[in-house]
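Would you mind keeping the following structure in view while I ask a few things?
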Amino acid sequence: MVYIVVLIVILLDQMVKLLVMEKMKVSESIPIIKDVFHLTYVQNRGAAFGILPGRRYLFIVITVVVISFLLIYYYKTRGSGMVTLSTGLIIGGALGNLIDRIRFGYVVDYLDFRIWPVFNLADSSVVIGAALLILYLWQQEKVGD
């Protein structure tokens, strides 16, 4: 089941990124809701928020390690729908950005809320998955008390 979540995230992420790359120029910004939400094509050569630019291979290694730990965790705790969903979202998002790093040397970002650095669907998937996993772990801790 986790692989279905991973596959859906990767497919959606890569399809949107392909459209952005085909239809927009780098740094082009299209207002969807003026001064609130734009589609802005950014080539992010760093990590989140563009930090540590040019560390492509470091990010590839970190991503592979994190995915490995998540898969181990998933297989040890299999059975919970929340674990399946959360790990699937994190792994799918991580793989979506990993594909970009390997293919292009950068990650394609495009969601621009004007008050936050530009990000993408894969980033959103990782954040939502991490939040769900933290919530699950917190609930498990409360049940164990």
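Cβ from N, Cα, C; glycine included.
Okay, so Swiss-Prot annotates it like this:
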TRANSMEM  1-21  transmembrane segment
TRANSMEM  57-77  transmembrane segment
TRANSMEM  79-99  transmembrane segment
ACT_SITE  Asp109  active site
TRANSMEM  115-135  transmembrane segment
ACT_SITE  Asp123  active site
What else in the chain is close to the transmembrane segment (115-135), if you only count residues 6 or more beyond its ends and a Cβ gap under 8 Å?
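Sequence-remote neighbours of the transmembrane segment (115-135) are 9, 12-13, 16-17, 40, 42, 44, 48-50, 82-83, 85-97, 107-109.
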Measuring Cα to Cα, how many Å separate Asp109 (active site) from Asp123 (active site)?
9
Counting only residues 6 or more past its boundaries, what in the same chain has a CB within less than 8 Å of a CB in the transmembrane segment (79-99)?
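Residues 1-10, 13-14, 17, 60, 63-64, 66-67, 70-71, 73, 107, 120-126, 128-130, 132-133, 135-136 contact the transmembrane segment (79-99) from elsewhere in the chain.
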Would you count the other CB atoms within 10 A of the CB of Asp123 (active site), including those on all shown protein chains?
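Taking every protein chain into account, the count is 21.
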